[in-house]
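Listed in TrEMBL for this protein:
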type	residues	note
TRANSMEM	34-58	transmembrane segment
TRANSMEM	78-100	transmembrane segment
TRANSMEM	112-131	transmembrane segment
TRANSMEM	137-157	transmembrane segment
TRANSMEM	218-236	transmembrane segment
TRANSMEM	242-263	transmembrane segment
TRANSMEM	284-306	transmembrane segment
TRANSMEM	318-336	transmembrane segment
Amino acid sequence: MSYQDLEKRDKDCKNLKSNNVGARVTRSQQVKILLSNSLAAFTVVGLTQAFGVFQAEYARIQAVQDGIVRAEEMDDRALISAIGSLGNGGIVAVFAVLYYPHLPQLGIHVRYLCSFGTACIVLGLAAAAASHSVWHLFVTQGLLVGIGAGVLLYVLAPILPEYFPDRSGLAQGTMYTESLGLGFEHASYLLAINSGVGIPARLGAGALADKIGHQNTLIIATAVYALATWALWLPSAQTNNVGLFIGMSTCHGLINGVFNIVMNSAQKQLFGDEMYYPKNGAMTSIRGVGYVVGVPLAGAMVNRVTGADLRGTDFTKVIVYVGSLLTLSLLCLLNVRRLDAKQNGWKWAR
């Protein structure tokens, strides 16, 4: 064997180790994993995004008359909000730091885990249909559905970049696009606008991330969201301006989901193949805490008045709370970009 052959073999071994290459991924496997992720997102993210419609219904006198909730529970917005915060899978995400490092070892057993998650969602929603109190909804639509949703969302989504190393952004954009399109009667018109502009936007965000970099896409989306919160959402609440709120819904639809679309790919780029799952698990646990406590905290900030008496100004504290966190998030992302450039050298597409 010549010196050139030895050198080539060593180079190939190094590339194999650095890229963590295993068995070749077939096109059939890519189609199956993308389809399963899309269906999971359709159920989980779609219902999560539409929970505001459920929340509005549970706070109406008609819900009491229909026997869904008790009269004294109508104005307990923190507890009603907690149903949605658990139902989005946050209860599972909290423990991601414990199970994420073991995801690569699941192999074929992932299908049984996802079957369990699907069963939890079906049973939870079926039991919620027979609800007669907010606590019943909390256990069924919140806890039981949340366990199932978390199993699907936080098991399938993290492994998606492994199947699309060169187009992970577009793949996850396709996945989360499937979550859109849910709408209900009058209260859902703005949700329909949000979803309508979000369908092409999520596909575009994934493809854009593959071109300009996942970190850059996160920074741009967070900046737009923060600016829209301060410049559109807050004034719309203060002046009851419907036009500004429609503008906010449109902006939110354009960039909503970008975090979910590119975050896993960005972490894989930052931490490398070997540390991707442990680091991602730790960060998902932190996000899970936010999912569980953030929404009830926001609900507690809304003035305790009946739904019919709510005004835009009653949401001022919540809007400032959201805007402040988004601004802080933007500063953190900019600092991550700076540290990454300092360690690996400056690159425009990163």
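Keep in mind that glycine also has a Cβ here, set from the backbone N, Cα and C atoms.
Looking at 112-131, 137-157, 218-236, 318-336, the range that has the most CB pairs within less than 8 A of the transmembrane segment (284-306) turns out to be 318-336.
Long-range neighbours of the transmembrane segment (218-236) within the same chain, counting only residues 6 or more positions beyond its ends whose Cβ lies under 8 Å from a Cβ of the stretch, are 205, 242-245, 247-248, 251-252, 254-255, 258-259, 262-263, 266, 312, 316, 319-320, 322-323, 326-327, 329-330, 333-334, 337.
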